[in-house]
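A.B. asks: Can you keep this structure in mind? I'll have questions shortly.
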Amino acid sequence: MAIVKRGVRTKNKQSQQPSKSGIKKAEFDLHKKKEVGVSDLTLLSKIADDAINDNLYKRFMNSTIYTYIGHVLISVNPFEDLGIYTPEHLNKYKGKNRLEVPPHVFAIAESMYYNLKSYGDNQCVIISGESGAGKTEAAKQIMQYIANVSVDDQVSAGGDGGISKIKDMVLATNPLLESFGCAKTLRNNNSSRHGKYLEIYFNPSNYQPVSAHITNYLLEKQRVVSQITNERNFHIFYQFTKHCPPQYQQSFGIQGPETYVYTSAAKCINVDGVDDSKDLQDTLRAMQVIGLSQDEQDNIFRMLASILWVGNVSFVEDDNGNAAVRDESVTAFIAYLLDVDAETLKTSLIQRVMQTSHGMRRGSTYHVPLNIVQATSVRDALAKGIYNNLFDWIVERVNLSLQGSGAVQEKKSIGILDIYGFEIFEHNSFEQICINYVNEKLQQTFIQLTLKAEQDEYVQEQIKWTPIDYFNNKVVCDLIEALRPQPGLFAALNDSVKTAHADSDAADQVFAQRLSMVGANNAHFEDRRGKFIIKHYAGDVTYDVAGMTDKNKDSMLRDLVEVLSTSSNSFVSQVLFPPDLLAALTDSKKRPETASDKIKKSANLLVDTLSQCQPSYIRTIKPNQTKRPKEYDNNQVLHQIKYLGLKENVRIRRAGFAYRTTFDKFVQRFYLLSPKTGYAGDYIWQGDDVTAVHEILRSCHIPDSEYQMGTTKVFIKTPETLFALEDMRDKYWHNMAARIQRAWRRYIKRKDDAARLIQSAWKNKTHGNQFEQLRDYGNGLLHGRKERRRMSMLGSRAFMGDYLGCKYSSGFGRFIMSQAGISDSVIFSAKGDILLSKFGRSSKRLSRIFILTKNSLYVIAQTLVQNRLQVQKEFTIPVSGINYVGLSIYQDNWVAVSLHSPTPTTPDIFINLDFKTELVTHLKKCNPGLNIKIGQTIEYQKKPGKFHTIKFIVGNTAPVNGDSYKSGTVTVRQGLPGNSQNPKRPRGAAGKVDYSKYYNRGSNMRSTSSYQPPAVSKAPQSSRPSYIQPPVQQTQQRVVPPVQSQPKPQAQRYAPPDTQPQTQRHAPPDTQPHAHPEQAAQAAQAAFHHTAPQAQNTTQRKVPPSAPGSYGQQAPTQKPSAPSRPARKTAPAPPAKKNVAPPPPPAAASPPPKPKFPTYKAAYDFQGTGSASELPISKETIVFITRKEDNGWWLAKTLDETKEGWVPAAYVVECDPPANSPAGNAKSPPPPPPQLNSASQAQQSQQQAQAPNGAGLSNGLADALKAKKSEETNLAGSLADALKKRKGATGDSDEEDEEDDDDW
């Protein structure tokens, strides 16, 4: 993303709060293994080789083969299929950073692909380790992951563009090049006998894979003609000879592998775990995917057949002691396969053509016969030359298919290096020194890019750092490749070949003589007469001098090239052996390039390529030499741990930094995370990059210990911090979109609420309130026949019906519906009690849930089974089967539901319900023929055919707001007359619209981040903290303070509304406007079913009282404002100055008397719960505090000492006494009356004399309305207290008379 600078906007913007964090749904991983050891070696308590080895052993035996050292992956070859490369495992690593998932090669691949897309840097992975450690498999899995992920990203984005074809071709290179370039060795069944560097190129605009390229390094062509015992030739020869396609068997004369010398001499044809038939099918399929035509495939297999038959050419000695072909039919068949003259081919195998020259003149030509040894060498050179050129052509042909359209000029790449591992055999020759040289170069690259480069960078950037010693193998690389000041081994080989070009034995002797000069004063080299030792980083290796110079020549005899150039097959004469190759051999002025020159050039080019990329590292370890699973050789692994330098890597990683980048790149990447550097996606910072980096890190709350600032770069210490930054950046646009969506939804919600409010008001105006109409209908059913409760006669009482919220999509009511299996529409739902007689026991009053639908009345029971809530339908009573309902004439809540034909499963029920009148009303609506019996007694059938009568009496022993049941008798207090009517619903207090419910309640949440920074205090920008909000009325259980006459209040803290929203109180029913029926139902249910706790939880956390604004954060203390004073009169102008003595100073005013109680000011509005023991106060009201309790309640008294009550300690702050307080101005004349700006001052003015004028009349009317409202509030507020006392006396079981005990 390019930085586009824009000037700072002049519009004053509110500080944007971080978006509310979202938590992803947790998923249980069935395949997750138990963690064994540590997944990152930097977490080891002891840094030692033995500790590393022990940790790797534990994880290996648990089939956990991957471990991290920071961002370096350690892989131990399991020698078995663990099932960890399936598509399911691959999908688990998509879009995940390495800390979210277990260590895996897929995590390295994901990190490479993410860095490529995010930062635009070329990526590469360097896979190192000895032969058989699993390098090839790791490279294959990385290719598999990147190919799949890059294609999936483009397909999900809605486009393909041929990338699937590129993916298939990239993956097809694995089986094709493995067949032609890998073989079975003593250490590895699939050992790479060549080096391969695959680069996948991506379009930088959309990171779509557009092409690929493979670079080949030093094929071990000697393996074509000879192998060590129990090793094999290249895989393709066994695949071809064992399962040759039918069309090739006749035309190419292919037989079994035991027929040919090149495939049978090592006595190893079959390998355990290798299916040559399947591998051949994969190879043929890969050829088709890459795009090889049928003619090209025929020519490939023709060349393979030629090589096999060339190996079967044998020689005998003629009469002159020269070599002769034993069976000329074999050479004739080879000539047929190569399309050359048979006699010419035979002659080139047993004779050598030599030419002499004299200056510029052409000399003589000689035909020199060869002996058997020389002829065998020429035969093998022919086979090696054909296979080497064939392999090079296959790589070039694959690159031709992978190059794509080539329309994109600038490309980004991911490189995967799969190269031969370090080798130590009993006899080591030129191939081993080349392989080990390349591994030394890779080790040097690893050191330079990790250990040395990292420490050098810390010094250069002036970062605090403790240097760590390590072994730098540059001295070994110079021993092999150096030209000056002291020539290395490769230079000595080239000089030996140049000195004795014609005689290989003489050249070997010259090379042996030069070794003493090569290893002079070098501690890593030893000369051993015909052998020499090089002390590599992986161990000491002994090399044989014999045959090295001949292998270094790396060129075919001119005689053989001339024969092949005459082939009538263009694939042989033009493709494999083009004319320019013969011209180069003929030109005697130019020395042919040797094999050592090629490998040195290729290795240096590889190092240059890798140094231009951001590297990732995989260090592979071979656990044993037997290639058996679950076998761990401690000594062998410990040796690899030491020479790989894992201990030094762990030490540097623990002391180093996980991420570093230049200041400008960091700002360009993360400027969105700070409101000072980015706004709406634009870069608005006007300062330098260093300050911008500080602002970004400060805005993200990154501690100073997590980063250091260098001279040109910023260094992030832990990867967790980097992942947190990346996570916040990824979610930036999502949060911005969510913020816009919230604003739009608030706007729509506000319009919708306004429309609903208008519609509700209009419906109530024209048609009346349906819930109040239903209430009036129900009151008419009982009018004059039953005493009424005071709570039922409130003007705000309405029959809402569904008090449990069964109609909602979620919540308690919906839970009960789903558990009980009720699907019908609910008319009425509430909690209550039922009187049940148990077997052999007296009747007991039990809690139940009652749900009424159009057809049935359900009685729901809740039980705890093994601490789990079980909900079941206890009774299902059909509404049409109800004969009558029985009620008493008193104000109790009991009602009997009697059926026409009761059964044991559907009996008559005797229930206690706060909303009994409403239930009877709904039953009457559903069943118009229902009888309502009201009398002194209630009769119902406890069992079918057995009637039971309940008596009702009036007594003062009953609870004030309830009743008591004992032995078939219900005692209740006297209620309101039966002809009482509900007053009109009181109008809500006029005031401003509460827009706080439309505000963004998640605005105070920080941005989502896996990193949790410490809180950073900021200076407030206003006199009042922004996080303090007025209390929001909610229908939740309220806290009832104790009355003054009762003992000390319980340990219940009353916190301010901004710190404990869960304790916010709801308004009394008569003060809540019922704009929505659902909200009114919830409010009424919460009021009628409120029960006070019997005992407070003694383990509840106590919050010490403190001033508002200091709850968890630092807030400024707001001083109380002084009461308003009368306006001062303008002082008259001073008289003209005269020379008179100044008057004496006035006497000091007497200090105001100290009040007898400390004064406190209300920081919030406290409306109270309606209890008589509370003192409602308004904000800014000043009161006396006469008593302080430890439970959070303080006893307050108004300044005029006319009212006293309890207030929450967290709602008041200490302040100075006002100047007009009774204690503060007792000895001074009272000032003019202040303006009415508080509740206490309003009460004082109410007690003053009333003036008989219009103003006094209006004030009196206002006072009367306030008094009426206060009275109704107190009446409604005592509802919960009445219900609490009423229910408290009826919770236990009671004994019935003896008549009930014989029910069983």
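A Cβ is built for glycine as well, from the same backbone N, Cα and C atoms used for every other residue.
Owing to the predicted nature of the structure, the values given are computational and were not obtained by experimental measurement.
For 1-12, the entry in Swiss-Prot reads compositional bias 'Basic residues'. If you look up Swiss-Prot, you'll see 1-24, 963-1162, 1214-1304 marked as region 'Disordered'. Residues or ranges marked as domain 'Myosin motor' by Swiss-Prot: 36-730. Annotation comment: Swiss-Prot describes GLY129, GLU130, SER131, GLY132, ALA133, GLY134, LYS135, THR136 as ATP binding site, evidence class sequence analysis. Swiss-Prot lists SER364 with the feature phosphoserine. As annotated by Swiss-Prot, region 'Actin-binding' applies to 413-496. Taken from Swiss-Prot, the feature domain 'IQ 1' covers 734-754. Residues annotated as domain 'TH1' in Swiss-Prot: 788-978. Annotation source Swiss-Prot lists compositional bias 'Polar residues' at 964-983, 1001-1012. The compositional bias 'Low complexity' annotation in Swiss-Prot covers 1029-1052, 1072-1096, 1120-1140, 1217-1227, 1236-1256. Taken from Swiss-Prot, the feature compositional bias 'Pro residues' applies to 1141-1156. Feature annotation from Swiss-Prot assigns domain 'SH3' to 1155-1217; the stated evidence is sequence analysis. The compositional bias 'Acidic residues' annotation in Swiss-Prot covers 1292-1304.
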A.B. asks: Excluding near sequence neighbours, so keeping only residues 6 or more apart in the same chain, what lies with its CB under 8 A of GLY134 (ATP binding site)?
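C.D. replies: Once residues fewer than 6 apart are set aside, GLY134 (ATP binding site) is near SER75, VAL76, ASN77, THR620, LYS622.
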A.B. asks: Round to a whole number and give the Cα-to-Cα distance in Å for the pair GLY132 (ATP binding site) and the residue listed as 'phosphoserine'.
C.D. replies: 53
A.B. asks: Would you mind reading off the Cα separation of LYS135 (ATP binding site) from the residue listed as 'phosphoserine', to the nearest angstrom?
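C.D. replies: LYS135 (ATP binding site) and the residue listed as 'phosphoserine' have their Cα atoms 54 Å apart.
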A.B. asks: Mean pLDDT for the region 'Actin-binding' (413-496), as a whole number?
C.D. replies: 85
A.B. asks: Between SER131 (ATP binding site) and the residue listed as 'phosphoserine', find the distance joining the two CA atoms and give it rounded to the nearest Å.
C.D. replies: 50
A.B. asks: Could you put numbers on the helix, strand and coil content of the domain 'IQ 1' (734-754), residue by residue per DSSP?
C.D. replies: 21 helix, 0 strand, 0 coil
A.B. asks: Hey, how far is GLU130 (ATP binding site) from the residue listed as 'phosphoserine', Cα to Cα, in Å?
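C.D. replies: Given the Cα positions, GLU130 (ATP binding site) is 52 Å from the residue listed as 'phosphoserine'.
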A.B. asks: Rank the recorded positions SER131, SER364 by the number of other Cβ atoms within 10 Å of each Cβ, and give the residue at the low end.
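C.D. replies: Fewest other Cβ atoms within 10 Å, among the recorded positions SER131, SER364, is found for SER364.
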A.B. asks: Could you say whether, by DSSP, SER364 (phosphoserine) belongs to a helix, a strand or a coil region?
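C.D. replies: It is in a strand.
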A.B. asks: Can you give me the same-chain residues 6 or more apart in sequence from GLY129 (ATP binding site) with a CB-CB distance under 8 Å?
C.D. replies: SER75, LYS135, GLY421, PHE422, ARG619, THR620, ILE621, LYS622, GLN640, LEU644
A.B. asks: Enumerate the residues of the same chain, GLY129, GLU130, SER131, GLY132, ALA133, GLY134, LYS135, THR136 excluded, that satisfy the criterion Cβ within 8 A of the mean position of the Cβ atoms of the recorded ATP site; list them in sequence order.
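C.D. replies: Counting only non-site residues, the set is ASN77, ASN188, SER191, GLY421, THR620, LYS622.
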A.B. asks: Neighbour count, 10 Å Cβ-Cβ cut-off, for THR136 (ATP binding site): what number do you get?
C.D. replies: 25
A.B. asks: Only counting partners 6 or more residues apart, tell me which same-chain residues put their Cβ under 8 Å from the Cβ of ALA133 (ATP binding site).
C.D. replies: SER75, ASN77, GLY421, THR620, ILE621, LYS622, GLN640
A.B. asks: Kindly assign THR136 (ATP binding site) to one of the three DSSP-derived states: helix, strand or coil.
C.D. replies: helix
